[in-house]
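Engineer: OK, Swiss-Prot features for this one:
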{"type": "TOPO_DOM", "residues": "1-29", "note": "topological domain 'Cytoplasmic'"}
{"type": "TOPO_DOM", "residues": "72-101", "note": "topological domain 'Cytoplasmic'"}
{"type": "TOPO_DOM", "residues": "123-136", "note": "topological domain 'Periplasmic'"}
{"type": "TOPO_DOM", "residues": "158-161", "note": "topological domain 'Cytoplasmic'"}
{"type": "TOPO_DOM", "residues": "183-210", "note": "topological domain 'Periplasmic'"}
{"type": "TOPO_DOM", "residues": "232-255", "note": "topological domain 'Cytoplasmic'"}
{"type": "TOPO_DOM", "residues": "277-282", "note": "topological domain 'Periplasmic'"}
{"type": "TOPO_DOM", "residues": "304-349", "note": "topological domain 'Cytoplasmic'"}
{"type": "TOPO_DOM", "residues": "392-412", "note": "topological domain 'Cytoplasmic'"}
{"type": "TOPO_DOM", "residues": "434-440", "note": "topological domain 'Periplasmic'"}
{"type": "TOPO_DOM", "residues": "462-470", "note": "topological domain 'Cytoplasmic'"}
{"type": "TRANSMEM", "residues": "30-50", "note": "transmembrane segment"}
{"type": "TRANSMEM", "residues": "51-71", "note": "transmembrane segment"}
{"type": "TRANSMEM", "residues": "102-122", "note": "transmembrane segment"}
{"type": "TRANSMEM", "residues": "137-157", "note": "transmembrane segment"}
{"type": "TRANSMEM", "residues": "162-182", "note": "transmembrane segment"}
{"type": "TRANSMEM", "residues": "211-231", "note": "transmembrane segment"}
{"type": "TRANSMEM", "residues": "256-276", "note": "transmembrane segment"}
{"type": "TRANSMEM", "residues": "283-303", "note": "transmembrane segment"}
{"type": "TRANSMEM", "residues": "350-370", "note": "transmembrane segment"}
{"type": "TRANSMEM", "residues": "371-391", "note": "transmembrane segment"}
{"type": "TRANSMEM", "residues": "413-433", "note": "transmembrane segment"}
{"type": "TRANSMEM", "residues": "441-461", "note": "transmembrane segment"}
Amino acid sequence: MVDQVKVVADDQAPAEQSLRRNLTNRHIQLIAIGGAIGTGLFMGSGKTISLAGPSIIFVYMIIGFMLFFVMRAMGELLLSNLEYKSFSDFASDLLGPWAGYFTGWTYWFCWVVTGMADVVAITAYAQFWFPDLSDWVASLAVIVLLLTLNLATVKMFGEMEFWFAMIKIVAIVSLIVVGLVMVAMHFQSPTGVEASFAHLWNDGGWFPKGLSGFFAGFQIAVFAFVGIELVGTTAAETKDPEKSLPRAINSIPIRIIMFYVFALIVIMSVTPWSSVVPEKSPFVELFVLVGLPAAASVINFVVLTSAASSANSGVFSTSRMLFGLAQEGVAPKAFAKLSKRAVPAKGLTFSCICLLGGVVMLYVNPSVIGAFTMITTVSAILFMFVWTIILCSYLVYRKQRPHLHEKSIYKMPLGKLMCWVCMAFFVFVVVLLTLEDDTRQALLVTPLWFIALGLGWLFIGKKRAAELRK
């Protein structure tokens with residue numbers, strides 16, 4: 001299944017046959033960082049802080065720890081065969097064509113749903129400056145812009161993600177530095193609140209809402225990490241993947257400590273967790289509370305670009321998944337055609353049209369944070385399915401191809417054990433989703449996607465995949 005599309009570095013290669021390795025190490029490192037700093041951190045952390053209090057720091061650390069091992073499994077598998085274009089390829093190769101079909105289409109749907117959440121977030125951030133702006137205007141403008149830029153070249157996507165990620169990095173580092181200065185100077189907000197690390201343990205302790213509050217923080221916190229596997233969809237367009245992919249994956253723990261743990265510690269030191277408004281981004285509200293409205297506008301711009309960055313990643317990855325699925329015969333043939341610039345243009349256009357569903361979602365559920373919660377729950381469940389498929393593929397790889405593991409230059413630590421630990425953790429998170437009313441609704445809707453996929457495989461996909469193999 002993995003040798004049907006040639007992947008080349010030569011910019012002069014025939015566009016109809018090949019993707020091009022035009023993403024450099026600089027692009028891959030920043031794409032990985034940008035993927036780890038998702039909309040969920042900016043948009044969802046207000047709700048998670050209000051649900052869990054300071055214990056949300058441990059929630060992010062636990063999820064990050066688990067996903068690091070998922071990414072290590074993905075990295076070893078992708079590097080075991082450089083013909084793999086993405087994780088749907090090794091799922092198809094190791095688990096069977098059905099797995100490639102389910103993984104590819106589910107990952108496509110994951111990013112469409114995530115893109116809808118980004119559209120919702122962009123609308124909310126735009127209303128910070130333009131409260132009377134129609135929802136659909138901001139959404140449509142962003143979608144058209146992303147489509148136009150992605151139709152250019154894969155290098156354009158890499159450049160956009162590079163600068164989007166740089167904006168996020170500078171903003172979060174600045175927030176941490178400013179917050180530390182406020183704490184050191186015992187800064188007082190207009191409401192009389194003094195910045196202090198003591199807010200982390202003085203207002204009810206580390207677990208003010210008990211274990212129930214701690215567990216409740218996992219759902220939106222999981223969504224903050226979606227996109228962490230994005231480097232796995234760039235494998236076919238990366239120069240020197242043997243060096244770039246390990247470097248990007250190995251930096252995950254540092255990124256989590258810097259961008260999640262430190263940022264949340266500073267936010268809750270300047271603004272007591274009990275004062276955080278669930279419906280608003282604490283990154284914006286932090287500066288509003290300390291009387292710096294101009295800085296709040298800057299941060300609002302940053303979180304808006306973060307949402308645009310996430311949507312940009314979604315547009316890229318969905319088009320590449322559709323391209324691979326079409327090559328395997330389980331998606332319309334039109335998606336397998338590349339433009340003169342080696343870009344899957346029809347897949348890009350189709351995915352962007354689907355993003356307009358975010359606008360529809362706002363009409364169905366006028367509450368922005370309510371719509372965001374419902375969308376993110378569906379997305380989190382589907383991403384956990386994809387991560388589980390990666391782990392299952394790794395277990396089969398270890399059993400059926402031990403010789404490849406032995407000579408691997410990038411072995412997953414504690415491979416088999418951590419696969420089972422991570423899968424048990426995902427089951428635990430799904431159980432937690434049944435405890436809250438808003439997340440339970442989305443959990444009940446999600447199986448409809450798998451039923452639709454199953455019917456598609458039974459009546460169409462299975463036959464087409466068999467014909468292509470012959």
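Backbone N, Cα and C atoms are what each Cβ position is placed from, and that goes for glycine too.
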Engineer: As a test of reading the model: what is the averaged pLDDT for the topological domain 'Cytoplasmic' (462-470)?
Structural biologist: 61
Engineer: Counting only residues 6+ away from its ends, which parts of the chain sit with a Cβ under 8 Å from the topological domain 'Periplasmic' (183-210)?
Structural biologist: 51-55, 58, 216, 265-266, 268-275, 289-291
Engineer: Treating G and I as helix alongside H, and B as strand alongside E, what does DSSP give for the topological domain 'Cytoplasmic' (392-412) in helix, strand and coil?
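Structural biologist: For the topological domain 'Cytoplasmic' (392-412), the helix, strand and coil counts are 14 helix, 0 strand, 7 coil.
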Engineer: So, do the transmembrane segment (256-276) and the transmembrane segment (413-433) meet, by the test of 3 or more Cβ pairs under 8 Å (sequence gap 6 or more)?
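Structural biologist: Contact criterion not met.
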Engineer: Report yes or no: does the transmembrane segment (51-71) come within contact of the transmembrane segment (441-461), defined as 3 or more CB pairs under 8 Å with a sequence separation of 6 or more?
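Structural biologist: No, the stretches stay apart by this measure.
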Engineer: Would you list the DSSP helix, strand and coil counts for the residues of the topological domain 'Periplasmic' (277-282)?
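Structural biologist: Computed counts for the topological domain 'Periplasmic' (277-282) are 1 helix, 0 strand, 5 coil.
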